[in-house]
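Taken verbatim from TrEMBL:
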- 8-414: domain 'THIF-type NAD/FAD binding fold' (DOMAIN)
- 26-31, D50, 58-61, K74, 119-124: ATP binding site (BINDING)
- C175: active site, glycyl thioester intermediate (ACT_SITE)
- 201-237: region 'Disordered' (REGION)
- 215-228: compositional bias 'Low complexity' (COMPBIAS)
- 336-371: domain 'Ubiquitin-activating enzyme SCCH' (DOMAIN)
- 447-531: domain 'Ubiquitin/SUMO-activating enzyme ubiquitin-like' (DOMAIN)
- 534-593: region 'Disordered' (REGION)
Amino acid sequence: MVARVAGVFDEKLTEAIANSKVLVVGAGGIGCEILKNLVLTGFPNIEIIDLDTIDVSNLNRQFLFHKEHVGKSKAQVAKDSALSFNPNVNIVAHHDSVISNEYGVSYFKKFNIVMNALDNRVARNHVNRMCLAADVPLVETGTAGYAGQVELIKKGLTQCYECLPKAPQKSFPGCTIRNTPSEPIHCIVWAKHLFNQLFGEEDPDQNVSPDTADPEAAGDAGASALNAKESETGNVDRKSTRMWAAETNYDPEKLFSKLFGDDIRYLLSMENLWKKRRPPTPLVWDNLPGKDDSPAKHSGLPDQRVWSVSECAQIFATSCKALEADLKSRPDGDHLVWDKDEKSAMDFVTACANVRAYIFNIPLKSRFEIKSMAGNIIPAIATANAIVAGLAVLRAQNILKGNIEDCTSVYLRPKVNHRGQLFVPEKTLTTPNPKCFVCAPKAEVALACNLKQLTLKDLNTALKEGLNMQAPDAAVEGKGLVVLSSEPGETDHNNHKTLEQIGLNDGCALLVDDFLQNFEVRVRLQQEDDEKSWRLVTDMDTPMPEPKEDKPTNGANGSEPKPGPSRPKDDSDSDMEIIEEDEGVETTKPPKRRRIEVSDDIVELC
């Protein structure tokens, strides 16, 4: 390979490559390209970890995989395909999660370089911490559409992956989804929830019926709706959506009339909602817009044509029957799982989202657009993956040569900037954030909560979701009293007790460590009477965004929200950006990262 060709690399680099051992985490769009580049460059010892299996949708950009590989381990197939380029390389493939206990600090210490091409933030945080603990250089990569970046993370020299708060995912309150949608994405989320209510795994927090607990629908707003319900002949029955649909044999006309007629009239009875909004328009199955119109002419691909409301109703009916048949063919108690690449499932969501959008005077979208939004992706561009992977391997070569100072972050722009640059490097390494709660010498963070309500079980959740710990242990600073143990059963008897009941008060400091990550942090408890869940606050300019469960935040169904994180979590793929439609509150944007010679419109990628 290249490293063995005389004169291509200098003697020092050739020897360094020959003696190196590299870990690649992730075998997706970027991971495949990195592995191919390493093999062709001549890196002799490589290990690759990926828990995922190959899907048909991967084949257009993950070129180590082919049709016959669908359903197989990404790591193993990537290994086999890469060996066809250079059979002399020693590649070890792990079909496993990098978060597994098997891959501890001692495992990471075996490598000269770790290269990240991951598909979620939790795993990225974990690898970041393991590399810091092992003091191994980490090359972090990411793309989103035509944009991308490559960044070196080195303990004590550069900022780590968690030095700055990441932008929170976009989230929407449950009442917005159920009562007052105003954007196409609101209708798409509602349609996906409807799919689960009818055919998938039922989740009470994905209810699609009008939300009578909406704080805007105050006073006697629901009185006329209740009267209307009593006078109707069953279509506005408040029983389970799945149960009602089964009783009608998934009759498309009855389903349509309830979801897009009766439920909309029910919403209209909540008069307070429409004092400052344009009210929705209920639809009638036999009198739909565009019923007698011929399909609009369209010169593009079929999926890029926007269906009329009448077409949506027809496709709704067809997909309902196809999905019903699929559900009935499965064992009792089984359910369908929504998949953007399954035709009937995608048709159902497209039709439902567009009908609801029409009702609420929201622009309709093509199946192609809705698939992109419902699948939570920014389309991955194979060329961008290849460019970023190439830059990553060049950075690896500089690391092996000892030229760490030359390994500045590089940003791939979607288009050339005013200086004629497509690749925009920073001039110097970005130094660590001295207040980072992960890599700072004295890591510290505050946990804002109501000590009278937050239980020990909730504290464990906060540490795992907020600080991305795997097995946290917590002891009171200065007393050595263990209040939370990762050993099963050791502190479980206190799980139901509040922090106040176990003797913790405002200002109390906990020393929290995770032996799996070799990570320690000091957590200060901060009493806030109005905090109904929990919130992590660092010394950075903005409170860090927290992971959260997919729970309504407005006390839907008349209940108060359970103690849990106040902010949503954001996952981001190595070659796609995930935007989960969790029901949460709008969050404050974190401060923009300082860059040198980078214009404001460059997006920091995850």
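Cβ atoms here come from the backbone N, Cα and C positions, even for glycine.
Note that TrEMBL annotation is computational and uncurated.
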Pick out which of the recorded positions G26, D50, D119, V122, C175 has the most other Cβ atoms within 10 Å of its own Cβ.
G26
Euclidean distance between Cα atoms of the residue listed as 'active site, glycyl thioester intermediate' and N60 (ATP binding site), Å
38
Most isolated by CB count within 10 A, of the binding-site residues G29, N60, is N60
Nearest-integer angstrom distance between the alpha carbons (Cα) of G26 (ATP binding site) and C175 (active site, glycyl thioester intermediate)
37
At the level of the C-alpha atoms, what whole-angstrom distance separates D119 (ATP binding site) and the residue listed as 'active site, glycyl thioester intermediate'?
30
Can you tell me how the residues of the domain 'Ubiquitin/SUMO-activating enzyme ubiquitin-like' (447-531) break down into helix, strand and coil by DSSP?
14 helix, 28 strand, 43 coil
Average pLDDT across the domain 'THIF-type NAD/FAD binding fold' (8-414)?
87
For the domain 'Ubiquitin-activating enzyme SCCH' (336-371), jot down how many residues DSSP puts in helix, in strand and in coil.
22 helix, 0 strand, 14 coil
